[in-house]
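Got a structure for you, questions after.
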Amino acid sequence: MEDSNASPRMSTEHENTEMHPFEYMFKHFKTQKVAISNAIRSTFPFLESLRDREFITGKMYEDLIDSCRSLVPVDKVIYKALDELEKKFDVTVLWELFNEVNMEKYPDLNPIRRSFECVFPNELSFQGIDRGNPNSQLSLEQGPSASYSQGSLNGSSLDLSSSEGWRSNDRRNSNLMQANQTENHQLAESPGHLDSCELQVQLNNGDATPESYSLLPQHEERAVQLNNEFQINPCFVQLIDVKKENSSFSLAGNQQTRARTNQNEDSEVIELSSGDSDDGENFSEATTTIPSQPAPAYSRTPPTLRTDRRGDTSDTESSIIIRRRKRTGRKKRERLGSYLIRNIKIPMKTSWKTAVLARSANTSSQRRRKRGPRIPREENADFGGAELPAVCGNVQGFLNKEKFKQGIYVRSIRSETGRLFTPMDFEIEGNCEKAKNWRQTIRCKGWTLRELIQKGVLQDPPRKKKENPRNPRQMKRQVNAL
């Protein structure tokens, strides 16, 4: 009875252990959402990458950007995007989250990525993953233990409630591995196949020593799928450094061959030297050109490549730009040289404070230009006559002193034509009515009437009109009317 009770307990525990990795991964992602949102300080390129890879829709992307424009904090916007990723969570979400671009842009994600690697060392492999292909191969070092994570590598959603799929995948993968090992062993024994074989080097997570390589016949041209095929053949390959997992090298006898990529721009030459294999044959060195890529921020071993660069001139270009800026600034200073502040020659290096103090200390700058009189005055003029010459604008006349004393409404000015004017009418006749100041506009021998009144030459006329004496006849009529 005890054995019968133990067997179902063992089966349930085995089922729970097979379901735990993805559940723990999902729970760990949920607990790290706040830390991830704090680590991502800007929306670009995180949201754009999620939209381009269809993790979020275009409408949701626009909503998130509009939230940022509405001054919503960036961490809250990123947290909302992580909520959407939680609904579609699988391993591809973690790959997209910790890709090379994000790790370079957001260095605060490094400790979070390391926490995932520490918790799930066999299920995750961020190192060397092809960003363009989410179905990239994992390291063969994981062996059959990575079978349950391979389903998520192909983008398929994991079923947390069933464990039969995991066990069936384990059995199928182990059988395929045994069949491929026997097939590769037969291929390795026949020397005729060596000329038409490709050496595929697969690296484990970021290490520089390959774990295994597989020899495939060239005429078969079949793709290696992670779910169903593993090619393992014992070999010793000595590498200087290789960045990518999926780099393949073709060997033809003892001659060197080159596998050229589609990109002909900035290239790096990586040397691969193979040691002696089990059958005693010595493979020659194979060189290949692969597109140069910057080392990821989270790489465990810094690359020690011997490179031959042709197009990478960023340092020289930046130094040239700096020299150009210095040269243009020097030319600008030479062109300006010195400048003048109120006839004071001050060099360019003099501070503004010194320039202002020097300007204030100069007495010539404090002098104001005095405007001279527009109409010249007669300094020794004689104002003793009964009439004085009067000028207003283009009109000339004569001012009678006696009539001028009687008041401003008395016609005291006679023009050259013989017409009589009051001072205000004479101002209007001279087209100076806008001034409305006849004491200032009418002049006698260059002196204004105001100045002559102040000097006592003329008497200030009263402002009231002189009342005319009433006609006695009119007064008599008014009395009779009463």
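Just so it is clear, glycine is given a Cβ too, placed from its N, Cα and C backbone atoms.
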Of the residue ranges 34-47, 230-243, which one carries the motif 'PxVxL motif' annotation in Swiss-Prot?
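From Swiss-Prot, the annotated motif 'PxVxL motif' range turns out to be 230-243.
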Would you mind splitting the domain 'SAND' (378-459) into helix, strand and coil residue counts from DSSP?
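Its residues fall into 24 helix, 21 strand, 37 coil.
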Take the domain 'HSR' (6-121) and count its residues per DSSP category (helix H/G/I, strand E/B, coil), listing them in that order.
92 helix, 0 strand, 24 coil
